[in-house]
Amino acid sequence: MVVELKNIEKIYENGFHALKGVNLELKKGDILGVIGYSGAGKSTLIRLINCLERPSSGEVLVNGVNLLNLKPKELQKARQKIGMIFQHFNLLSAKNVFENVAFALEIARWEKNKIKSRVHELLELVGLEDKMHFYPKQLSGGQKQRVAIARSLANCPDLLLCDEATSALDSKTTHSILTLLSGIQKKLDLSIVFITHEIEVVKELCNQMCVISSGEIVERGLVEEIFANPKHAVTKELLGIKNEHGDQKCQDVYRIVFLGEHLDEPIISNLIRRFKIDVSIISGNIEELTTKDIGYLVVRFLGSTTETQRALEYLNALGLQVEKLKD
């Protein structure tokens, strides 16, 4: 495991219980989206991973090493393998792009003759090789975040922490940053933890996700599995799953989930012909995830109890997820 958080509790001096019994694992190469509402404990959690915050109790293991047991110099060295980017970029305004990236290498005591080539390599990676002499005030928000990404990768980390890294960006720039991170992850075989309150970020970038609420992880798993079958009320709210049946009563109203391979199949029309049952489509949509697409239909079966039961058995036999909606 790249990251293991074990039985984490975080209680601040004012008595606020920010994290409660948190257990979390991250495997090599995974991109984990941690999502939740403001004040849920997301930023506290990510700052524990590199010990910018220390837990009240529990263990923080990165690559098998408990960071809480390290001496200050040992912790500083371990942090060099953990990159981090923030919502507001944290660039040095008095230094240009080249100098901002080089600064991370200077702190790590790289040899001067190696710093120049490494900075050029990093700026090429993030598409800013033509901006190396620009200062932060001359850059757009997206360009500033690219500089921050380059700086975070300076010491060849195997783990990248992103704390609301796209929250200050517009949707087009957010997409370009997520595309960049996805490409970098594949090229460098990084593991990424991405804190966000934006479900679109999870959809576009992540293969794993966890939902945090009031300091607790309430749901954790593959992105497509949670999108297909969310269990916790907070997860359903974040995914926008609420009152899909409108003002209609829920008698014989069902939510059907279509995973990847079934999206292009005429399943509903086949069901109507095969079982001589009428189907009223109340709502539907398709979620495009980074791993696979998922389709949803909310339908009402208009037929006898026997016909409805046969239709449900048919859908279950196809491996579709079918949930009867409640009032």
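Each Cβ is built from the backbone N, Cα and C atoms, and glycine gets one as well.
Over in Swiss-Prot, the protein carries these features:
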{"type": "BINDING", "residues": "GLY36, TYR37, SER38, GLY39, ALA40, GLY41, LYS42, SER43", "note": "ATP binding site"}
{"type": "DOMAIN", "residues": "3-239", "note": "domain 'ABC transporter'"}
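Swiss-Prot feature annotations superimposed on the structure.
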residue: GLY36; record: ATP binding site; contacts (Cβ under 8 Å, 6+ apart): LYS42, HIS197, VAL211, ILE212, SER213, VAL234, LEU238
residue: TYR37; record: ATP binding site; contacts (Cβ under 8 Å, 6+ apart): HIS197, SER213, VAL234, LEU238
residue: SER38; record: ATP binding site; contacts (Cβ under 8 Å, 6+ apart): HIS197
residue: GLY39; record: ATP binding site; contacts (Cβ under 8 Å, 6+ apart): none
residue: ALA40; record: ATP binding site; contacts (Cβ under 8 Å, 6+ apart): ILE212, SER213, SER214, GLY215
residue: GLY41; record: ATP binding site; contacts (Cβ under 8 Å, 6+ apart): LYS10, ALA18, LEU19, VAL22, ILE212, SER214, GLY215, GLU216
residue: SER43; record: ATP binding site; contacts (Cβ under 8 Å, 6+ apart): ASP163, GLU164, ILE195
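Within 8 Å of the Cβ centroid of the ATP site, not counting the listed residues GLY36, TYR37, SER38, GLY39, ALA40, GLY41, LYS42, SER43, the chain contributes HIS197, ILE212, SER213. The average pLDDT computed for the domain 'ABC transporter' (3-239) is 96.
Counting every protein chain shown, 23 other Cβ atoms lie within 10 Å of the Cβ of LYS42 (ATP binding site).
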